[in-house]
């Protein structure tokens, strides 16, 4: 092999090595500019008493100490957990049930699927407007059908459940699509063999459908958990955090602290602590899933 062939081989190997990095470069650059740098700046701000436009001095862990003693933060965290409890399991279960029912349809399956998915593509402002109209105390559809005049979003007992119901209506279509895709990937031979062996419908679901759907169910549950923990737009547009802060979630409290009260340092501390809490929850969920899979 002469020098020219050696040079070509070296260049070819270098090109093959660099091609994946060149293709990843735009994403890595965007990730650095829009995630890593802002995250580091937020962490830095959390150790200061900076306002929204002015920068003040370093205060160490004072913001974190104050945060741990702040009842408003813990109340907002409790409201966030309450919303997640109201939405995560219902969204996962409804998505599975609706997908199974749609897959059984022989006619109009596409139409029914579109009906469930269309709300998911609506902007959050449109969803809030429709939800507010449907639950209006005077001319809302829900009150007209029920024959009541309940101000759903003005009652501390009903406000968060109504926000949860509006969110479920808005987002369940995406879960339906995920479960339908998983259901269609299950080999039909498994069902035919089970029916020939005399298996009941419950047995077929338990030992075939559920086992095949377990990975996508875990994925949907995790996606909904993260989405529910970072709720902001629904409560901000539908209730404004009220009544009596009964729907003021963590991100809403962080927004008010940073942009209304102009305390960027304290708001950054809220963001850092909340991210750590979410990461801890996701780690615990992952460990629980591994334990279940080992036993299953």
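Cβ atoms are placed via backbone N, Cα and C, with glycine included.
Here TrEMBL flags 77-285 as domain 'ABC transmembrane type-1'.
Panel annotation: around the transmembrane segment (21-40), no residue of the same chain lying at least six beyond its termini places a Cβ under 8 Å from a Cβ of the stretch (none). Here TrEMBL flags 21-40 (among others) as transmembrane segment.
Residues 109, 112-113, 116, 160-161, 163-164, 167-168, 171-172, 174-180, 183, 209, 213, 217, 220-221, 224-225, 228-229, 231, 235, 247, 249 of the same chain sit 6 or more residues outside the transmembrane segment (81-102) yet have a Cβ under 8 Å from a Cβ within it. Annotated transmembrane segment per TrEMBL: 81-102 (among others), in sequence order.
Summarising the annotation, TrEMBL assigns transmembrane segment to 114-135 (among others).
Among the features that TrEMBL reports, transmembrane segment is placed at 158-183 (among others).
Taken from TrEMBL, the feature transmembrane segment covers 216-237 (among others).
Here the transmembrane segment (264-284) has Cβ contacts under 8 Å with residues 42-43, 45-52, 56, 59, 63-64, 66-67, 73, 77, 222, 225-226, 229-230, 250-251, 253-255, 257-258 of the same chain, all six or more residues outside its ends. What TrEMBL lists as transmembrane segment is 264-284 (among others).
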